[in-house]
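Please read the structure below before turning to the comments.
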Amino acid sequence: MPQKQKLKSWSDLKQAGNERFKTGQYGEATTLYSQAIKELEKSSKKNPEDLGILYSNRAASYLKDGNCAECVKDCNMSLDLFPFNVKSLLRRAAAYEALERYRQAYIDYKTALQIDCNIAAAHDGTNRMTKALTEADGPSWREKLPPIPTVPLSVKEKLAQQNAAKTTQQNPTPQQNPTPQQNPKPQQNPTPQQNPTPQQNPKPQQNPKPQQNPTPQQNGTKQTNKSAPSDKDKKKGQALKDEGNALVKKGEHKKAIEKYTQSLKLNPTEVTTYTNRALCYLSVKQYKDAVRDCDEALMIDGGNVKALYRRAQARKELKDVEACVQDLNSLLKVEPKNTAALKLLQEVQKK
């Protein structure tokens, strides 16, 4: 009886939903979040941000179950209540991407980057959408985009204040990555991740620096013997990586490889630089080099979805079907609903 009484509180129902989510019981998590929403909506002291977080958490459960349409609806509700919530933007972007609504996904990824330019999942998502839209609509694809919302300065300032406060008083908890990045996880901490964890605080969250705090799809982080770069080298490496990203958008993959290579000399611990360079190697048909870069990325983060997928693509081109299937199966253990991996696996197995 005491347990049942306790779960009448919306916050306890939310916590119970978070626990179910952690153990992969997404259907039960959805039910508990729904109950928490009903309880909070009945409350005379409801906080819009609290309610927005509940909708965002339920959206994450829907996304994990592959129910992308409901995920979008809940993210819309969340963003109405809690404007510019980064995790809701990333979850909706991932759902739009799965639904092949690439223009809307692009807008959400770009909006998230206005809030925090260091969100790896948003950078990767923007790159994927750029490629997909270029293939679908040609060079003038940007002309067909809806307007990108302008993020108020107050949102960015609030985030900066929270980051400063976290720096002085944060007690680190186990992290899980974003992204791509693509199936966010309910939020526990005020830091958005590629697959964010269930939210406990109603404040805007900051996404970790690219691939340093892995999101849930990349929870197989391994120790490496690469020495930690200095802050100065990290900044220089990031600047070079950004230059590489800009070249990729222009289709100049060979030049981008040079920038990523220079970046890795300064910061050899940055996972996304390896996966980005691997993508370029795939584009210029240097498949063995792509495999090597993915190997490096997986030494740092053993569950990195992009590294697994790009290595599978390279191994397919190298006619190493068995290894390709192995990579795809490993990826699907992390993201069972990953449509790109499912499609590639089907193609490989037909041959």
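Along the chain as shown, residues are numbered 1 onward.
Cβ coordinates come from backbone N, Cα and C, glycine included.
Taken from TrEMBL, the feature compositional bias 'Low complexity' applies to 160-174 (among others).
Summarising the annotation, TrEMBL assigns compositional bias 'Pro residues' to 175-213.
Taken from TrEMBL, the feature compositional bias 'Low complexity' applies to 214-226 (among others).
Here TrEMBL flags 229-239 as compositional bias 'Basic and acidic residues'.
What TrEMBL lists as region 'Disordered' is 159-239.
Summarising the annotation, TrEMBL assigns repeat 'TPR' to 237-270. Here the repeat 'TPR' (237-270) has a mean pLDDT of 91 out of 100.
According to DSSP, the repeat 'TPR' (237-270) comprises 27 helix, 0 strand, 7 coil.
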